Amino acid sequence: MTKLSVNINKIATLRNARGADNPNVVKVALDAERFGSQGITVHPRPDERHIRYQDVLDLAKVVTTEFNIEGYPDKRFMEMVRLVKPAQATLVPDPPTAITSNNGWDTISNQGMLKDIVAELHESGVRVSIFINPEVKYFEPAKLTGTDRVELYTEPYASNYHKDRDAAVKPYVEVAEIAKALGLGINAGHDLDLHNLAFLKQSIPYLAEVSIGHALVCDALYYGLENTIQMYRRKLE
Ligand SMILES: CC(=O)[C@@H](O)[C@H](O)COP(=O)(O)O
Ligand SMILES: NCC(=O)COP(=O)(O)O
């Protein structure tokens, strides 16, 4: 089974646009779970432009599915994860100014640093996933960090899907086989949507989890959140 984790960053973007509490991110997270989401993902960024650190603390008290916190493992992120102890922390190499995540880790040059961070997170009982590009050279070094999973950065897949989906998915299938052989769990995310999701799942049936935010929230404007979550779930059957 491939789990769907709904990323609620964009709900917080909408909330922040008016400075009050509408929509309420905790309520949306609980409703998303009720509607079939099997996890809640947040990516608090240092400028708190969408998810705030306080949101993470509030969500941690009530989320009953898999809580996944993404981010660059700076001091504040690590303190928060140690405090909250989510089911999973996804380490992303974004600089503080990044508009959105646009690259995976160079697990060769950052191997030592990642190894220390992974060990620290494991001490808190948190499963770790490392955001990674679909390039073969990064997978053995990723394994050596001690990470439990990798999250395949799917923006290149998504942007090439409509041109040639077989070519778009090929590097992902290749690295997924390597990750599987190394005993790494495989997550995927970024720009996945109702068009490209099913083919990714068919191509990598043993995907453990996808985290989806931007497109899912956009689709919810048309179909409603409950229908939309069900539509995404069906793509993963
Ligand atoms: C780690 C990742 O893939 C991102 O997609 C991220 O969580 C989205 O972040 P934004 O919502 O800030 O664009
Ligand atoms: N890890 C990817 C994620 O959480 C959501 O990415 P996107 O669907 O907002 O592009």
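Including glycine, each Cβ sits where the backbone N, Cα and C put it.
Per TrEMBL, the 1-deoxy-D-xylulose 5-phosphate site holds R45, H50; the candidate it also names there, chosen from T2, T90, T100, is T100. According to TrEMBL, N7, R18, G213, H214 bind 3-amino-2-oxopropyl phosphate; the candidate from D31, D191 that the record adds to this site is D191. Secondary structure at H214 (3-amino-2-oxopropyl phosphate binding site), as computed by DSSP, is helix. Residues near E70 (active site, proton acceptor) in space but far in sequence (CB under 8 A, at least 6 apart, same chain), listed by position: T41, V42, H43, A89, T90, L91, V92, S101, F131, S211.
Secondary structure from DSSP puts N7 (3-amino-2-oxopropyl phosphate binding site) in a beta strand. Following the DSSP three-state reduction, the secondary structure of E151 (site 'Transition state stabilizer') is strand. Shown are the binding-site residues R18, H214; the one with the most C-beta atoms within 10 angstroms of its own C-beta is H214. Sequence-distant contacts of T100 (1-deoxy-D-xylulose 5-phosphate binding site), defined as residues of its own chain at least six apart whose C-beta falls under 8 angstroms from its C-beta, comprise H190.
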